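Trainee: My structure is below; once you've seen it, I'll send some questions.
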């Protein structure tokens, strides 16, 4: 296409030069024989008049324009063909995608059933493990409750005190008998009287229900005020078999430490003061070894049944 354009341009330039030479006036030259009168070619003028040359120029221009337009159309044609091919290919892809079969959902009935079976298996497994764990804890707690029958707490020990009749008494004087001991003081306004009444009532009920003789013992934690006479008058108000014990401050401190009893004077005003102390009853066996303690939360019936059960258990082991 470039060669055609170049050839047409050369023709156009040649025609223009010819037209330019025809339109320019010629100078006369001195006459001589055989001289030519004009520089322009008479043959060109005879062969191609001026009108024909103008028509030829216009023909060349139209030919160049048509050639250029045809070249542009040839250039555009491949592009349009390419674009059309892409559109066709895209359409074919869409049609092919549309023609593909759509797969089923991600969860099928088989996978759903497997999921349900797995969940049920896990629930069953963890439920069984939970029950087994609870049983282990229950067995461990039962083993802990049976611990005192195997090992005994370090409660109790030797002591040397004075009873409410003025006689020296040691722990050996209580050997061979079941003893229920309580620590308090005779000036106690309410707690000690309540606990001693509960102790006396339990002793009588134990005798009635099981036929066991229990020795009730009261040990003072206020040796400065609880003399032998004071203790004697005090214990006789609760039970005829209740034994009252007192002693020197050092002896009281020693027995309280042996039985893990806390006591301390509070709000001292002249000689009127109170003693803060532990509220516990200790069940001691025939060999004066510690068996079990009972707190303030045990009423008469609970105390009675607890003592009877411990005595029966002790006798079975023997």
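Note that Cβ sites are derived from N, Cα and C of the backbone, with glycine treated the same way.
Remember, predicted model here, so these are calculated numbers, not experimental data.
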Trainee: Quick check on the annotations: TrEMBL lists region 'Disordered' for one of 65-102, 103-140. Which range is it?
Mentor: 65-102
Trainee: Roughly how many Å separate the Cα of residue 277 (Cu cation binding site) from that of residue 188 (disulfide bond), to the nearest whole number?
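Mentor: Approximately 10 Å lies between the Cα of residue 277 (Cu cation binding site) and that of residue 188 (disulfide bond).
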Trainee: Mind checking which of 188, 192 has the fewest other CB atoms within 10 A of its CB? They're the disulfide-bonded residues.
Mentor: 188
Trainee: Which residues, same chain and not among 188, 192, 277, have a CB within 8 angstroms of the centroid of the CB atoms at the recorded Cu cation site?
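Mentor: Surrounding the site, in chain order, are 183, 184, 185, 191, 195, 221, 275, 279.
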Trainee: Per-residue pLDDT averaged over the domain 'Thioredoxin' (148-313) comes to what?
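Mentor: Taking every residue in the domain 'Thioredoxin' (148-313) and averaging pLDDT yields 92.
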